[in-house]
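According to TrEMBL, the protein carries these features:
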- 20-39: transmembrane segment (TRANSMEM)
- 51-68: transmembrane segment (TRANSMEM)
- 109-128: transmembrane segment (TRANSMEM)
- 134-156: transmembrane segment (TRANSMEM)
- 228-246: transmembrane segment (TRANSMEM)
- 266-287: transmembrane segment (TRANSMEM)
- 299-321: transmembrane segment (TRANSMEM)
- 341-366: transmembrane segment (TRANSMEM)
- 378-399: transmembrane segment (TRANSMEM)
- 405-426: transmembrane segment (TRANSMEM)
Amino acid sequence: MPLSPLAWWADVHVGRYKAICVGVLICGIAHLIQIFGALPSVLQKGTAHSAPPFIISLLTLALGAGIFKPNIAPTILDQHRNKKAYTKVLKSGEKVIVDPELTSSRTMLIFYGVVNVGAFYMLATTYAEKFVGYWLAFLLAGIIYFLLPVVLALAYKRTHKQPPSGSSDLNNAVKIISMALRRNKFRVWRKNFFDAARPSVLAAEGIQVEWTDKLVDDVRRTLVATEVFFYFPIYNINDGGIGSVASNQGASMTTNGAPNDLLNNFNALTIIVATPVLSYILYPLLLRYNIKFERISRITFGFVLAMISGVIGAIVQWRVYKTSPCGYYASSCDAGVSPLLIWWQLPNVILGALSELFCNVTAYELAYARAPPSMRGLVMAIFLFTTALSSALGEVLIPVTQDPYLIWIWGAPAVALAVQTILFWFRFRSLNHDKFMIEEKDYVDTTLTTKSERTGKEL
């Protein structure tokens with residue numbers, strides 16, 4: 001749902017903040033429908049009465065999330081008005097340099113941690129569903145959710161709201177790509193592929209265009225970021241496994257009364273604990289010793305963690321098969337479960353959660369920094385769309401997500417991610433040294449510059 005005209009609509013026509021409010025309203029309606037559809041009196045009437053509210057609420061929630069999610073991270077980063085490094089004097093009298101990239105990185109790290117504070121609330125809803133019913137689980141989630149409009153109202157006056165651009169750079173971006181393709185005769189591998197569409201180059205041939213050199217660079221940078229994002233589907237299916245394979249594995253293990261999807265909540269707990277450790281201890285320590293842990297290095301490290309997580313999932317599944325009374329048919333075993341405790345899933349969950357802090361957080365930064373201001377919501381939506389691709393891939397693999405193939409359902413994605421990680425590093429490692437963000441004022445009037453070069457005169 002995020003990859004829709006809605007992100008473009010927010011960037012160009014209404015502004016991201018208003019779009020967030022619209023998304024919150026739609027999701028609120030979805031929550032109310034969900035609670036109503038899960039009431040015992042409705043469920044007792046059968047699927048014909050309970051299924052329609054659930055389906056409607058699910059689709060409505062997807063619509064609201066499709067509006068809300070692509071716009072919230074860019075809006076948060078919009079609060080940092082300075083896009084270049086500057087000096088600042090602290091209250092202690094110490095003069096420091098404020099780096100916009102480090103600021104954005106910490107902001108997105110904290111944002112991701114706070115998001116998972118809400119996700120950790122699933123622990124309460126899991127037990128509510130198990131011991132009371134779905135209506136209480138949905139009600140608890142709804143109570144917390146309806147605090148969001150209050151927060152938005154309180155923060156309204158203090159929030160910097162990026163106005164809608166009124167016209168999108170998307171049309172010009174399409175023209176730039178089209179011109180670069182034609183003038184390079186579709187040789188997309190050329191090193192200076194986009195130079196052919198620069199106004200400064202075209203002006204020398206008497207061709208006038210309505211875009212700027214900055215937009216050409218923005219398009220180039222945005223396409224590279226988009227290419228990075230499409231390495232994420234394989235990563236995502238390693239982060240937690242394909243479909244319900246983790247829950248199925250847990251159901252085949254000794255739980256001692258705990259819900260078999262309980263450990264999924266430790267994903268959020270790990271992120272909540274690790275966020276301040278990374279933000280206030282590890283990253284500052286690396287900076288102190290001048291160790292550069294740049295953006296592509298962080299994503300690569302996250303891929304490695306997710307790959308190890310998948311390998312551990314495969315090993316645990318192998319042990320489940322070896323210790324189950326039904327052997328390699330443990331998931332549908334009526335004779336009992338493996339004596340292996342469900343807590344053996346913890347390493348898989350923890351490593352997957354840690355990988356998100358390196359991969360997803362950095363992807364948010366790239367989506368914002370490498371897109372034109374009028375396309376930031378859209379580019380963020382493209383990244384979020386890769387999650388949908390992962391889910392679609394999981395759906396395709398459902399027919400084989402069963403005994404006795406579950407070891408490979410864990411192991412094969414890990415192998416694929418290992419190969420992809422190597423390719424990813426060699427393909428994008430140069431982005432570690434690429435400029436974080438570019439601004440219009442970094443560019444001169446290229447048309448005038450070109451004219452002066454042709455006449456040999458200074459202007």
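Glycine is treated like the rest: Cβ placed from N, Cα and C.
For the transmembrane segment (341-366), the partner stretch with the most Cβ pairs below 8 Å, chosen from 51-68, 228-246, 378-399, is 228-246. Contact between the transmembrane segment (109-128) and the transmembrane segment (134-156) is supported: at least 3 Cβ pairs lie under 8 Å, counting only residues 6 or more apart in sequence. With respect to Cβ pairs under 8 Å, the transmembrane segment (20-39) is most closely packed against 134-156, considering the stretches 134-156, 228-246, 266-287, 378-399. Of the candidate ranges 51-68, 228-246, 266-287, 405-426, 405-426 has the most C-beta pairs within less than 8 angstroms of the transmembrane segment (299-321). The recorded stretches the transmembrane segment (228-246) and the transmembrane segment (405-426) share 3+ CB pairs below 8 A when only pairs 6 or more apart in sequence are counted, and are therefore in contact. Note on the transmembrane segment (266-287): residues 102, 105-106, 109-110, 112-113, 116-117, 119-120, 122, 240, 293, 346, 349-350, 352-354, 356-357 of its chain, located 6 or more positions outside it, place their CB under 8 angstroms from a CB of the stretch. Sequence-remote contacts of a segment are chain residues at least 6 beyond its ends whose Cβ falls under 8 Å from one of its Cβ atoms, and for the transmembrane segment (134-156) they are 20-21, 24-25, 27-28, 31-32, 34-35, 38-40, 43, 118, 121, 124-126, 128. Packing against the transmembrane segment (51-68) from elsewhere in the chain are residues 1-2, 4, 6, 10, 19-20, 22-31, 33-34, 36-38, 42, 381: each is 6 or more residues past its ends and has a CB under 8 Å from a CB in it.
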